[in-house]
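Quick notes on the structure that follows.
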Amino acid sequence: MVLVMKLLFLTCLWPTATLHSSHSQHHHLHRRQQLSFSRKHTSKREIKMRKLDSTKVRPLKSEQLLHIEDHDFALRPGFGGSPIPVGIDVQVESIDSISEVDMDFTMTLYLRHYWKDERLSFRSNKNKSMTFDGRLIKKIWVPDVFFVHSKRSFIHDTTVENIMLRVYPDGNVLFSLRITVSAMCFMDFSRFPLDTQNCSLELESYAYNEDDLMLYWKHGNKSLTTDEQISLSQFFIEEFSASSGLAFYSSTGWYNRLFINFALRRHIFFFVLQSYFPAMLMVMLSWVSFWIDRRAVPARVSLGITTVLTMSTIMTGVSASMPQVSYIKAVDVYLWISFLFVFLSVIEYAAVNYLTTIEERKQLKKRGKASGVYMDAVQAMAFDGCFHDTDDMDLSGFSDPCEENETRTSETNISNEEPTRLKKSLKGNVGRIILQNNHVIDSYSRIIFPSVYIVFNFLYWGLYI
């Protein structure tokens, strides 16, 4: 009986459980369909957004597009075959400085390389090139061009490193960079400052000789261009030219070498004002002593010493701004000869002074014997400190002090009575007195010194200009 009752209870509960299970399954299925539809709608929206903003999603990396990982770029293009031609194109931006002391120059330029590397070729429907910055340079092969005889060089890095790499679909490559380089210039100062200096900047491959790399100017003589506004404070830039040649090293062989040649002609006006013109003035100033009375010892000696010291200062200033070369420069010739003229003017007065002293001694001896009183030139000069000619010496004045006092008294009376007449007579006879008191050496020096110096200037400027 109990068994029958349980069977009836289960029979009543079965339809209800079945209905509930069916409803639950239908609900889960509907929810799965909603989730699937939502995911499909979201996926379509993402695909649409990707198509609209393709700049944020890169389909391929540059390494994959250029097949960088598929090749060994430690080897040059066409390794084992003919040498790879590398064209060079240079644009000179500025010549920053020329140093005579260090014998070098500093130049800023744009250096461009052209070559073909088929390993970098890629497909392009529009045949457009791709441009990269310096980050890709380390992953591919580039020419190892360096500057011969360079002292310092650097690649500009403001605001970023000034390097540009452009790759074309057929594998042609343009590699450009902005460089400042300081290189040696072998200068010849034998004609300084009337000189013209020829300098050159030399480019060469460091590792690859002519069997592996052929360096050449891309457009011939037109491969070298310059900025029209290039100017220097001390030089005229006469010309820029491009040339090429070969360099031999005993251990590695022959290398292609390119030359950037430029000629610099120096401005002379600065040196005329600073060196030549002051030297001329000092030489002419030394001639003034020929017109000063030979008895004015302090005046002539001071003038001669002043001009000698001034010439020494000018020569020291010029030498300080020049390299210590072992040969004579053109400016040295002019300054040293000018110094010689100044020095000879001092020696000329020393000769005049000495000969005047000898002459006065002889005349004093003659007068002393004739009058019976002897006084040498040294004793005579002790009274007034000046040399005396024959007409100026009066020995009677030194023999009697009383007569000297009377003479002074009479001279004072005359000067008080006739001052106007005395002044007029002095004004008229100043020139004659100066000429009479000058030595014959002074008279000849007034003509010889200027004449020889003028002839020297004609020869000097005619030779060096």
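Heads up, the Cβ atoms here are built off N, Cα and C, so glycines get one too.
Under the heading domain 'Neurotransmitter-gated ion-channel ligand-binding', TrEMBL lists 68-267. Taken from TrEMBL, the feature domain 'Neurotransmitter-gated ion-channel transmembrane' applies to 276-369. Annotation source TrEMBL lists region 'Disordered' at 401-420. The signal peptide annotation in TrEMBL covers 1-24. As annotated by TrEMBL, transmembrane segment applies to 268-291, 303-322, 334-356, 447-464.
Away from its own ends, the transmembrane segment (447-464) comes close to residues 191, 194, 283, 287, 290, 330, 333-334, 337, 341, 344-345 of its chain (Cβ-Cβ under 8 Å, at least six residues beyond either end). Taken through DSSP, the domain 'Neurotransmitter-gated ion-channel transmembrane' (276-369) splits into 80 helix, 0 strand, 14 coil. Per-residue pLDDT, averaged across the domain 'Neurotransmitter-gated ion-channel ligand-binding' (68-267), gives 92.
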